[in-house]
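The structure appears below as structure tokens.
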Amino acid sequence: MKKITINDLIKWKQEGRKFATSTAYDASFAQLFESQEMPVLLVGDSLGMVLQGKNDTLPVTVEDIAYHTRCVRAGSPNCLLMADMPFMSYATPEQACENAAQLMRAGANMVKIEGGDWLVDTVKMLTERAVPVCAHLGLTPQSVNIFGGYKVQGRDQEKADRMVKDALALQAAGAQIVLLECVPAELAARITQVLDVPVIGIGAGNVTDGQILVMHDMFGISANYMPKFSKNFLAETGDMRKAVALYMEQVQAGTFPDEAHTIA
């Protein structure tokens, strides 16, 4: 697989070519994903739940993400590698720069941060200092205590309009990817259409430029709960490599997620 950059994703968006992405946490699975030419991997703070056994992502530290970023980069030298910035690691622009630098040195090509237009100054500071940013909107798991649980976001018109404005503001500030989680498919389509940057969805219908799944959900090995928008591709294939290939094939064809795996 050739080295993937943000320019490839932008070109694919312009061409209408959909792409699949996944979380990854170690070198072995990263190597598996690279063998199937998975273009983008995310070292997600979801590791707090699927690896550390926590109830949410809040306990994850920058050091945790940096460690797993090094592991994933070792297994997948050519993917575009995103790394989550954990809870309260970007409370100020200055703090964000310091912590993002640690993740970039660990091998990330981009950092992902959760939140709306209040992050504009942070995104500007990061991108002006050569740190690419993915902006995460919708259900932002680090805000679980504000939301009162993991709930669909943007269902009413006012909140939907606000999310569109947030997405445009973050793009203007320099965000190069927007990730939408658990938002109505109609809203995801609207945001995907108005943005020039690639939009990745999870639980947001099949209209976004890309899709992402938590690796453990894709393989049906999550310990407690399988979200409705996820699909066990391993159950259909009986082989992990074939499962990854099937996931990528269905995303590229626009057949995943289908209605059964769309939550709103």
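Cβ atoms here come from the backbone N, Cα and C positions, even for glycine.
Lifted from Swiss-Prot, the feature list:
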| type | residues | note |
| --- | --- | --- |
| ACT_SITE | E181 | active site, proton acceptor |
| BINDING | D45, S46, D84, K112 | 3-methyl-2-oxobutanoate binding site |
| BINDING | D45, D84, E114 | Mg(2+) binding site |
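Projection of Swiss-Prot feature records onto the structure.
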residue: D45; record: 3-methyl-2-oxobutanoate binding site; Cβ contacts under 8 Å, 6 or more apart: T57, V60, D64, I65, D84, P86, F87, P141, Q142
residue: S46; record: 3-methyl-2-oxobutanoate binding site; Cβ contacts under 8 Å, 6 or more apart: T23, T57, D84, P141, V214
residue: K112; record: 3-methyl-2-oxobutanoate binding site; Cβ contacts under 8 Å, 6 or more apart: L42, M82, A83, D84, M85, V133, C134, A135, H136, L179
residue: E114; record: Mg(2+) binding site; Cβ contacts under 8 Å, 6 or more apart: H136, T140, P141, Q142, S143
residue: E181; record: active site, proton acceptor; Cβ contacts under 8 Å, 6 or more apart: H136, L137, G138, L139, T140, P141, Q153, G201, I202, G203, A204
*Give the sequence-ordered set of same-chain residues, not counting D45, S46, D84, K112, with Cβ within 8 Å of the centre of the Cβ atoms defining the 3-methyl-2-oxobutanoate site.*
T23, L42, V43, G44, L47, T57, V60, I65, A83, M85, P86, P141
*With every protein chain in view, how many other Cβ atoms are within 10 Å of the Cβ of D84 (3-methyl-2-oxobutanoate binding site)?*
31
_Farthest-apart CA atoms of D45, S46, D84, K112, residues recorded for 3-methyl-2-oxobutanoate, distance in Å_ = 13
